[in-house]
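Per TrEMBL, transmembrane segment is recorded for 23-44, 56-73, 79-99, 111-134, 140-162, 174-191, 203-222.
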């Protein structure tokens, strides 16, 4: 690795750690960091009474912009700027979900949400890594998803600031949950060299993408669980 690569990508990766283990390991580490903070926040019984209706859209937009900066710009890939961006993404996602969880004081439901989301992420990774490519999202499908995501964000903000229809907000959030699953599957094909070759020092943004999609799914399943978590059968004694 020449001097320019070192400046752009930081310290060279450990050759004893495989490419796939490095990506999935970092994604797992980010998730554990978030989980540890959720446990602390829950132990402190921190909660908020209300949040802005547009919070979900701003969270998505800001995180998308940060990931794009990390992945596609020399400035964002330089060390230690890349570490600072990753830290900001992990912490903003962690605190966003923590604020969403504060509306639901049922910790058993939170545990079920975690199990379900982890299972969905693992199944999506397995799908992208081993299923036949003709049933795996490719470049064209992902491009359509991204184009639709931009439209859905516009719809979300228009609804948040003008119409205020609950059904529109739910539809947008459900769309991004499906988008997250497709993105995990697509990223897994890249990690396992099934889609196209990515330089082996380009691994940080792939880990962050998997983590961010995990958080998007966590928000959606958490919102669904909130509808039923107040039942006596789902209360942690």
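Sequential numbering from 1, following the chain as shown.
Quick reminder: no glycine exception, Cβ is built from N, Cα and C everywhere.
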Hey, which of 79-99, 111-134, 140-162, 174-191 has the most Cβ-Cβ pairs under 8 Å against the transmembrane segment (203-222)?
174-191
Would the transmembrane segment (56-73) and the transmembrane segment (23-44) count as touching if the test is at least 3 Cβ pairs under 8 Å, pairs 6 or more apart?
no
Same-chain residues near the transmembrane segment (174-191), Cβ under 8 Å, at least 6 residues beyond its ends:
19-20, 23-24, 60, 120-121, 124-129, 133, 136-138, 141-142, 145, 148-149, 152, 198, 206, 209-210, 212-214, 216-217, 220
In terms of Cβ proximity under 8 Å, which residues at least six beyond the ends of the transmembrane segment (111-134) contact it?
24, 35, 181, 184-189, 191-192, 194, 210, 213-214, 217-218, 221-222, 225
So if I exclude everything within five residues of the ends of the transmembrane segment (79-99), which remaining residues of that chain have a CB under 8 angstroms from its CBs? That is, six or more out.
7-11, 30, 33-34, 37-38, 41, 46, 48, 51, 55, 59, 62-63, 66-67, 69-70, 204, 208, 211-212, 215, 218-219, 222
